[in-house]
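**Student:** Below: one structure in structure tokens.
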Amino acid sequence: MVQLQVFISGLLLLLPGSVDSYEVVKGVVGHPVTIPCTYSTRGGITTTCWGRGQCPYSSCQNILIWTNGYQVTYRSSGRYNIKGRISEGDVSLTIENSVDSDSGLYCCRVEIPGWFNDQKMTFSLEVKPEIPTSPPTRPTTTRPTTTRPTTISTRSTHVPTSTRVSTSTPTPEQTQTHKPEITTFYAHETTAEVTETPSYTPADWNGTVTSSEEAWNNHTVRIPLRKPQRNPTKGFYVGMSVAALLLLLLASTVVVTRYIIIRKKMGSLSFVAFHVSKSRALQNAAIVHPRAEDNIYIIEDRSRGAE
């Protein structure tokens, strides 16, 4: 029994996991964003509320807007509005001039009469800043320039010099030699860097982002959209059905177990009663037999006295 209770408790804890699925809606800061929510009016027109956070068990928490099925009867701010036809079941929420703080969970609750009949849908809103754009720029390239080495050479010259002036025979001329000096300029190359400034256009949040590297060369990158999440109402009903089936199975198991235990107890009691009755019958038979023998002796004594 304890193991069954632990199993059922674990199952009930796992049930909310199937309900916590929600659809992601994206928006851009400064632009209006619409969170879709519709219901079928075949069963009648009913009230609807929008709130922040996950859908509670009843009503809406942090109510943003409320309708009576035909028009808006309450709104917490002028930025919240329902632009669809409310009487036809279109109760999509539009947030004007969205800001970054609008990101988070939103609950659309359509109140349908009956137990657990409300249509609850939870959405995750992601508001991101607009991506700035810049005009396309054409890359420029400068070819490297090369200079040839330049060599400057000087010829040696002999300059006659005399150390002193005298009347004597002049001494041999002294010469001064200049060695040539060679200066070489090595070639150097200058290369200009090529800069490319790709430009981006703002994403329209429908899965397409356009990127351009040149004014004449554009290509489009497709971003896959996230698959829509499963319907939380169906998950809730499936979880409740599984829980009800397990509870029914548990109840039937308890009833069968009690029936078997009671049958065993009744069988043991009948056996004890039969044993007791049998022992009492044997005791009664043993008591009656000596009394019969006493009666015989009394009759014989009386017959002898008569003689």
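Glycine is treated like the rest: Cβ placed from N, Cα and C.
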**Student:** What residue among Cys107, Cys108 is stated in Swiss-Prot to be the disulfide partner of Cys55?
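**Tutor:** Recorded disulfide partner of Cys55 in Swiss-Prot: Cys107.
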**Student:** From Asn206, Asn218, pick the one Swiss-Prot annotates as N-linked glycosylation site?
**Tutor:** Asn206
**Student:** Report, in whole Å, the straight Cα-to-Cα distance of Cys108 (disulfide bond) from Cys49 (disulfide bond).
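**Tutor:** That comes out at 6 Å between the alpha carbons.
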**Student:** Please tell me which one of the disulfide-bonded residues listed here (Cys55, Cys60, Cys107) sits closest to Cys37 (disulfide bond), measuring Cα to Cα?
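**Tutor:** Given the candidates Cys55, Cys60, Cys107, the nearest one is Cys107.
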**Student:** Could you tell me the C-alpha distance between Cys107 (disulfide bond) and Cys60 (disulfide bond) in angstrom, no decimals?
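**Tutor:** Cys107 (disulfide bond) and Cys60 (disulfide bond) have their Cα atoms 7 Å apart.
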**Student:** Let me check the 10 A CB neighbour count of Cys60 (disulfide bond). How many other CB atoms are there?
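**Tutor:** There are 22 such Cβ atoms around Cys60 (disulfide bond).
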